[in-house]
Amino acid sequence: MISNQHNAEARGWQPAVFTMAELEADLDHIIPSSVLPPFWAKLVVGFVSLLCFARSYDGDFVFDDSEAIVNNKDLRAETPLGDLWHHDFWGSRLSSNTSHKSYRPLTVLTFRVNYYLSGGFHPVSFHMVNILLHGGISVLMVDVFSVLFGGLQYTSKGRRLNLAPRSSLLAALLFAVHPVHTECVAGVVGRADLLGALFFLLSFLGYCKAFRESNKEGTHSTFWVLLSIILGAVAMLCKEQGITVLGLNAVFDILVIGKFNVLEIVQKVLHKDKSLENTGVLRNGGFLFRMTLLALGGAGVLYMRWKIMGTGPPAFTEVDNPASFADSMLVRAINYNYYYSLNAWLLLCPWWLCFDWSMGCIPLIKSVGDWRVIALAALWFCIIGLICQALCSEDTHKRRILTLGLGFLIIPFLPASNLFFRVGFVVAERVLYLPSAGYCMLLTLGFGALSKHTKKKKLIAALILGILFINMLRCMIRSGEWRSEEQLFRSALSVCPLNAKVHYNVGKNLADKGNQTAAIRYYREAVRLNPKYVHAMNNLGNILKERNELQEAEELLSLAVQIQPDFAAAWMNLGIVQNSLKRFEAAEQSYRTAIKHRRKYPDCYYNLGRLYADLNRHVDALNAWRNATVLKPEHSLAWNNMIILLDNTGNLAQAEAVGREALGLIPNDHSLMFSLANVLGKSQKYKESEALFLKAIKAHPNTASYHGNLAVLYHRWGHLDLARKHYEISLQLDPTASGTKENYGLLRRKLEQMQKKDV
């Protein structure tokens with residue numbers, strides 16, 4: 001609060017000044033004076049924060065990065081910027097039933113700028129921005145903690161008293177090196193949390209600025225209050241929980257600006273004290289005006305988001321958040337509180353970290369006899385103890401610090417608490433980025449109290465330095481695990497061995513690298529842990545299909561579509577298996593069902609065309625492949641099959657037209673060049689055919705069929721020496737090609753006959 005330094009007012013601040021000086025003195029043995037000037041303090045915090053996560057700078061795009069960045073069309077230049085305001089974080093339309101409803105257009109905009117400036121999907125530039133953002137936020141935390149610990153008391157010249165340099169520096173260091181932040185910093189999609197936190201803190205500091213800019217006790221600058229609300233709205237457009245800063249600003253106003261004493265008010269209410277009517281904060285017009293602005297601003301921002309997002313909530317499944325689907329309200333309440341205790345444990349002991357906590361990672365507590373209820377009881381014992389201290393302590397400074405620390409811990413966490421709406425996760429380390437600031441604040445106060453009540457100051461200093469060092473080491477190790485999907489997924493096996501998604505992701509990573517045998521093992525384990533895991537069934541069925549284990553593949557895929565009837569990819573894969581088993585009618589029905597559930601499905605049309613081709617239903621095959629190319633103009637396989645089918649049925653003119661159309665759309669596709677070259681050769685357009693064959697060979701010089709068919713062209717054309725040369729190259733690349741051997745034999749006999757005639 002701004003003070004004009006009258007004597008009465010100065011006396012009113014004295015207890016806070018005394019206790020503040022006391023806390024600073026308690027930390028004197030830990031934080032040396034040499035780093036206390038603001039510049040040096042911020043430099044130390046910034047350097048340490050960058051050092052912790054620097055190892056992730058050259059990591060890959062991992063886990064959710066693929067969907068949010070690599071496969072997100074909103075990052076491409078051809079997508080209008082206006083679409084960002086109608087799409088969710090993953091690039092889907094907000095009005096879609098499948099939309100996640102996560103509305104973060106400003107974060108997506110930074111990804112788009114990143115993509116443009118780096119000239120493509122180069123992970124280094126994306127990771128560097130995240131690391132620098134965390135460094136900037138950690139530096140900003142020095143100012144935030146300075147206000148939270150020291151309050152807002154100013155001299156007549158506008159200089160703030162009680163800067164709390166030691167407390168703010170220690171809390172900022174604890175925040176900068178906390179390992180729970182690794183997901184936000186090392187995972188590129190964590191930028192949403194970083195940007196949300198940045199504007200959250202700027203909004204809070206802007207609200208504090210409102211009381212420095214005015215020059216009269218109890219007044220404020222309306223401009224800064226409004227700017228704070230706007231920055232809160234910007235924070236929400238980066239990450240949903242950013243809007244909670246308005247609630248924190250209100251709590252700060254009540255406790256620090258209005259010096260509201262909750263315990264005193266409660267006592268007056270209980271004793272029906274008439275002096276309650278004269279409580280200063282309630283009669284202060286400026287306070288009521290600010291609360292009205294915050295309430296209206298928050299309501300307006302939420303209303304606009306609701307209008308843009310639509311009324312329908314996101315469609316989460318039981319595997320995402322099983323507790324929220326429990327029938328019993330008691331079971332839901334117990335598990336939600338257990339989740340809170342797990343989040344608290346991640347703040348206290350961030351050694352147990354995992355990229356995903358769903359799908360059986362945390363089994364449901366179904367009765368009060370479960371031993372895990374102890375964790376829930378311990379959490380509430382600690383919280384109630386802190387609340388009692390925050391309300392009942394005679395030390396006004398301690399009351400304020402505890403209340404603000406709890407506010408910073410709890411208020412930003414509320415959107416992830418399941419209290420107001422169902423969330424799509426069990427535990428998520430990323431949502432602890434802002435709440436961890438409250439934890440660091442409470443921990444700093446605890447260290448001060450511990451130092452005050454013990455003579456072994458050096459032991460406390462060693463303990464704090466040890467915690468900082470261990471956390472830094474953990475950050476570096478965890479950043480290394482986030483560098484690649486293989487390391488990230490494998491790191492989760494020891495933390496969540498019951499998590500089916502962990503086994504699925506390890507299996508998928510192995511399958512992508514061609515290790516199908518190991519992938520099958522992990523997919524089977526994922527299905528064992530979660531018998532309704534349709535994506536694991538689909539991927540396992542796919543591998544078994546490729547290994548020609550068709551019977552089991554059909555059983556798995558049939559079960560997958562039975563569990564999830566609208567799973568289009570599983571229907572298509574089931575159709576492929578049924579086609580291989582010569583069950584053509586069932587295959588056609590499966591393909592048709594897949595297309596019914598996903599109308600724009602070019603790969604399914606392609607496979608349907610292959611089925612029709614096998615059945616000699618040539619017109620239907622051509623129509624199916626044409627549909628595939630309409631939906632996906634760069635679908636090379638569909639174009640190729642059309643050209644080959646038309647060629648084989650003698651429709652050379654139509655085959656040539658389709659081939660030219662395809663090459664116009666995909667000019668560098670060597671397989672299309674090869675197919676069209678064959679058609680042109682049969683049409684006796686030798687020169688043009690030769691040019692296409694040579695371009696295809698230049699692109700893929702070691703493909704035997706390219707040389708063999710070019711040799712056939714030369715053979716027909718009468719360039720026999722060139723024909724012999726390419727026959728020989730083709731046979732060197734593939735000595736088993738019977739057609740090439742036969743043609744080469746014909747050529748040799750012809751050359752021998754020509755030699756005899758010459759003789």
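Glycine is treated like the rest: Cβ placed from N, Cα and C.
Shown for the domain 'DUF1736' (312-383): DSSP residue counts in helix, strand and coil, namely 35 helix, 0 strand, 37 coil. Feature annotation from TrEMBL assigns domain 'DUF1736' to 312-383.
Per TrEMBL, repeat 'TPR' is recorded for 500-533 (among others). Listed by sequence, the residues of this chain that lie at least six past the ends of the repeat 'TPR' (500-533) yet keep a Cβ under 8 A from its Cβ atoms are 63, 319, 354, 356, 358-361, 485-486, 489-490, 492-493, 539-540, 543-544, 546-547, 556, 563.
Helix, strand and coil counts from DSSP across the repeat 'TPR' (534-567) read 27 helix, 0 strand, 7 coil. The feature repeat 'TPR' is assigned by TrEMBL to 534-567 (among others).
Residues 534, 537-538, 541-542, 545, 548, 550, 553-554, 557-558, 560-561, 607-608, 610-611, 614-615, 631 of the same chain lie 6 or more positions beyond the ends of the repeat 'TPR' (568-601) yet place their CB under 8 Å from a CB of it. The repeat 'TPR' annotation in TrEMBL covers 568-601 (among others).
Marked as repeat 'TPR' by TrEMBL: 602-635 (among others). Each residue in the repeat 'TPR' (602-635) has a pLDDT score, and their mean in this model is 95.
Mapped onto DSSP helix, strand and coil, the repeat 'TPR' (704-737) counts 28 helix, 0 strand, 6 coil. Per TrEMBL, the feature repeat 'TPR' maps to 704-737 (among others).
Positions annotated as transmembrane segment by TrEMBL: 131-151 (among others).
According to TrEMBL, the transmembrane segment annotation covers 188-208 (among others).
The transmembrane segment annotation in TrEMBL covers 220-237 (among others). Beyond the ends of the transmembrane segment (220-237), by six or more residues, the same chain brings 103-107, 195-200, 202-204, 206-207, 209-211, 213-214, 243, 245-246, 249, 286, 290, 293-294, 297-298, 301, 305 to within a C-beta distance below 8 angstroms of the stretch.
Feature annotation from TrEMBL assigns transmembrane segment to 243-266 (among others).
Annotation source TrEMBL lists transmembrane segment at 287-306 (among others).
Under the heading transmembrane segment, TrEMBL lists 373-392 (among others).
For 404-425 (among others), the entry in TrEMBL reads transmembrane segment.
Long-range contacts of the transmembrane segment (431-450) within the same chain, counting only residues at least 6 positions beyond its ends with a Cβ under 8 Å from a Cβ of the stretch, are 23, 26-27, 30, 141, 144-145, 148-149, 167, 170-172, 174-175, 178, 180-181, 184, 190, 193-194, 196-197, 200, 241, 343, 346-347, 386, 398, 401-402, 404-410, 412-413, 415-416, 460, 464. The feature transmembrane segment is assigned by TrEMBL to 431-450 (among others).
Annotation source TrEMBL lists transmembrane segment at 459-477 (among others). Residues of the same chain lying 6 or more positions beyond the ends of the transmembrane segment (459-477) and with a Cβ under 8 Å from any Cβ of it are 29-30, 48, 51-53, 55, 170, 173-174, 177-179, 181-182, 350-351, 447, 450-451.
Counting Cβ pairs under 8 Å to the transmembrane segment (188-208), the top-ranked stretch among 131-151, 243-266, 287-306 is 131-151. The DSSP breakdown of the repeat 'TPR' (568-601), given as helix, strand and coil counts, is 27 helix, 0 strand, 7 coil. Residues in the repeat 'TPR' (500-533) partition by DSSP class (helix H, G, I; strand E, B; coil) as 27 helix, 0 strand, 7 coil.
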